[in-house]
């Protein structure tokens with residue numbers, strides 16, 4: 001909520017400053033009216049827009065799609081500790097108090113708004129009215145300043161009966177009624193009720209009211225072409241008096257600008273340039289204030305640093321920002337393979353390795369090959385003896401076979417914990433969704449899940465600390481065949497220099 005308010009306020013501030021600097025003095029009155037109203041809507045909507053982008057530095061999970069992780073963390077208290085820490089760090093009493101104050105002020109402003117509207121409507125109901133053109137003249141017994149609300153023009157009754165209402169003044173108020181300027185005022189007042197913390201709304205109110213006067217003056221001068229006579233009438237009509245909060249009326253502070261606008265000459269070329277610049281500005285502000293969501297990247301097995309499924313202690317590393325350590329392949333070993341098979345192993349991996357240079361100046365190897373070829377590499381790797389395994393480790397090569405996917409639902413407690421947005425960012429079937437989306441599911445609807453901790457730049461702009469990837473039963477069934485037949489992981493860890501390597505562990509291929 002705080003992030004939304006900040007973005008909305010800043011966006012609305014930029015737009016109103018641009019209006020005052022570049023648009024207010026231009027005689028493109030209908031465009032300016034559209035701009036002011038659209039700027040308010042735009043600043044409210046653009047922080048809600050989200051774009052998925054591919055991150056430059058990808059956080060690669062050390063363990064993927066292994067549901068045992070969460071169970072182990074639950075047993076050891078890691079998740080519960082995180083939840084407790086997050087909850088203890090947030091001052092609920094203070095936040096509740098601030099929210100109470102915010103809602104209280106909103107309520108008071110809403111009451112004031114309704115009182116103002118009802119006072120105008122009550123005045124209309126107790127006064128005599130006369131139909132004129134597309135509006136109604138509301139004849140008020142008191143000596144008031146003429147004003148318009150919706151299609152009602154409020155004027156002093158004695159002034160009307162004595163025929164003292166100038167035709168130009170009446171035409172001015174009729175323009176307000178026909179162009180429905182009161183709707184603009186009601187709109188900005190309602191926004192102010194619920195977003196009163198935005199200081200730029202006062203600028204918008206003044207700009208919208210001034211634009212209304214420009215439009216009404218323009219309508220009058222289309223019918224009464226004597227500009228000087230109308231200007232003198234305006235000066236005579238700027239009187240001190242009580243005004244209603246939701247009405248259009250003459251105001252001394254804006255009269256000077258109105259007089260200048262009447263004699264303003266249009267410059268179409270300049271107006272077109274400025275209108276085009278506004279479109280560019282809208283695009284830039286959309287990119288600036290919208291929500292950027294780092295798209296989840298489905299790492300293929302050869303792109304992920306993996307570990308054996310027997311591991312029970314969960315450990316996360318930000319492998320994107322530091323070189324990976326060479327693995328120790330000591331452990332399970334086979335009878336050994338022949339020299340021809342060794343050559344086949346290394347040459348096949350080299351032929352199917354792609355070297356991608358990143359912005360940090362290092363070249364990262366990625367191994368890509370068909371599942372059948374991967375199965376062959378795993379067959380050779382699993383038969384290597386201890387020395388051959390160590391040679392592969394020295395070359396930065398690791399080959400594993402993940403177990404066949406098996407459904408394993410989380411516990412109800414784990415599922416409820418996932419709904420905490422300050423801890424978990426949720427991806428369901430590879431799509432980033434709000435934590436509230438989990439309310440549409442039961443814990444038994446989940447077939448598989450994996451967890452990654454965010455580090456460094458990956459935390460920027462996010463309140464959650466963990467990325468949780470969830471696979472539903474339906475998606476599990478849909479992708480089962482592909483995943484069951486493509487289980488081999490081949491990775492080349494670490495990085496190489498500027499030139500592509502032409503040998504493994506000192507042995508040229």
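Glycine too: its Cβ is placed from the backbone N, Cα and C atoms.
Please treat TrEMBL annotations as automatic predictions, because they have not gone through curation.
Bear in mind that the values here come from a model prediction, so they are computed numbers and not experimental data.
Range annotated as transmembrane segment by TrEMBL, chosen from 78-96, 97-115, 116-134: 97-115.
The transmembrane segment annotation in TrEMBL falls on one of the ranges 34-51, 52-69, namely 34-51.
Looking up the ranges 165-184, 185-204, 205-224 in TrEMBL, the one annotated as transmembrane segment turns out to be 185-204. When the ranges 6-22, 142-158 are checked against TrEMBL, the one recorded as transmembrane segment is 6-22. Beyond its flanks by at least six residues, the transmembrane segment (6-22) meets 32, 35-36, 39-40, 42-44, 46-47, 195, 197-201, 203-204, 207, 274, 277-278, 281, 285, 288-289 of its own chain at Cβ-Cβ distances under 8 Å. Proximity of distant same-chain residues to the transmembrane segment (97-115), defined by a Cβ-Cβ separation under 8 Å and at least 6 residues beyond the stretch ends, is recorded for 189-190, 192-194, 196-197. Looking just at the domain 'Peptidase M56' (14-261), the mean pLDDT is 81.
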